[in-house]
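What TrEMBL lists as Na(+) binding site is 77, 78, 82, 306. The transmembrane segment annotation in TrEMBL covers 69-87, 99-120, 141-168, 256-283, 303-322, 343-363, 375-397, 418-443, 463-486.
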């Protein structure tokens, strides 16, 4: 019989099972023997004197039921990424033509990565940082990068909620303020509104945001948006302050609300003037847009937004509101911060709200576009690429396939195997490389509002803004090579990574452990027990 046992690096955890009892080595830790948990109370056979020592699972929060988990994933995926970002990208990238790269990227990137994140999070039962540390300590930076990307996206995503709250308040008027152009004291229509394409566009640019004419002209805070921003972050805090115990219940509403609102929007929009022109724009696509790698990059990143990939939130859900929850779980699992979760959540929300004041200036919508294009595309693509490589080529696609079979009862199909191993990483690498090349070939642009003509004018980003964008991308992806360098050359020891976790990506001796749920759910090392082991070996 082929027997494999967990080999702790540098230590031989060998005992004589006839002379050493569980109680003598326990000291508060659970003892799991090969292919069998000692806690089961059953006869221990074929031990060969080897054992595996682990701590009891930490008090990690769990979902009350499966329905809450389903609602959590749905509300995380079907949120602003679909309701706001997807229609915006369709209009920007050729209408219905955008659906072609979107569907392709869904098939070769979205679905495979979705299964990876949920599967690895559920199997290792830890957060975004802990998962990658468990696979290999050199990969700890992947989780840090995912947390940084999540934080950057949360900064500007909550501004969209801010705008929604402002419009919600304005909608209680007897006559909607964006229904007609305002009139001057002499009864004439305000000139800027008359020049605008519609009263709604005038209201958006002048009354709601009071937008400036360039990204560099902040022109102070917009009081209406600033108050709405404070309200939005307060709502987010109360939703996530207690983790999934509070957000899980909130998600019964947040998972179903977008579908209700979208249905209402669809019915209402079909009754408006110009509805048929909009539908024709969707079914008569501009196929020339498909020659641009930026369109494919935005389609790929939209998949990540639509399905909640690359942020660490799905991993948190698979083990722990979505984007922010991924940041909180990462900080908790890193053990660098030991404050209680409500306090940690308050600090994160307060800091994000303070930084988010940039988006409540009169140039706020330009900064949202900058963050969305760079932090929400390039950095997110890098994180997703690293995740695929880590699971498929370091953890091992065969081992991960066995995990999926263990948890679901059936192995993943060849479609997932081939996309994991070849298609997904290759497509992401090509997209990222070509997009970088195109970015250097001509400067990225944004649409600035010109008050004199009441039109959106395509404008190049100033050089200083591009340096800020470049800094965001570097800040987000730097932890990956930095952690590798620090741990590779032992500048920063991986003491925060449990010894048993270090073995996952390095040895084949975890085969039996993978089949033992009690010993695999939380693979942590007891420092007390390891000290005993060292003493007995001497």
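Placement of Cβ uses the backbone N, Cα and C atoms for every residue, glycine included.
Automatic prediction, not curation, is the source of TrEMBL annotations.
Keep in mind it's a predicted model, so treat the numbers as computed, not measured.
Among the stretches 343-363, 375-397, 463-486, the one making the largest number of Cβ pairs under 8 Å with the transmembrane segment (418-443) is 375-397. Each of 99-120, 141-168, 256-283, 343-363, 463-486 was scored by its Cβ pairs under 8 Å to the transmembrane segment (375-397), and the highest score goes to 141-168. Here the transmembrane segment (343-363) does not touch the transmembrane segment (99-120). Their Cβ atoms form fewer than 3 pairs under 8 Å, with each pair 6 or more residues apart.
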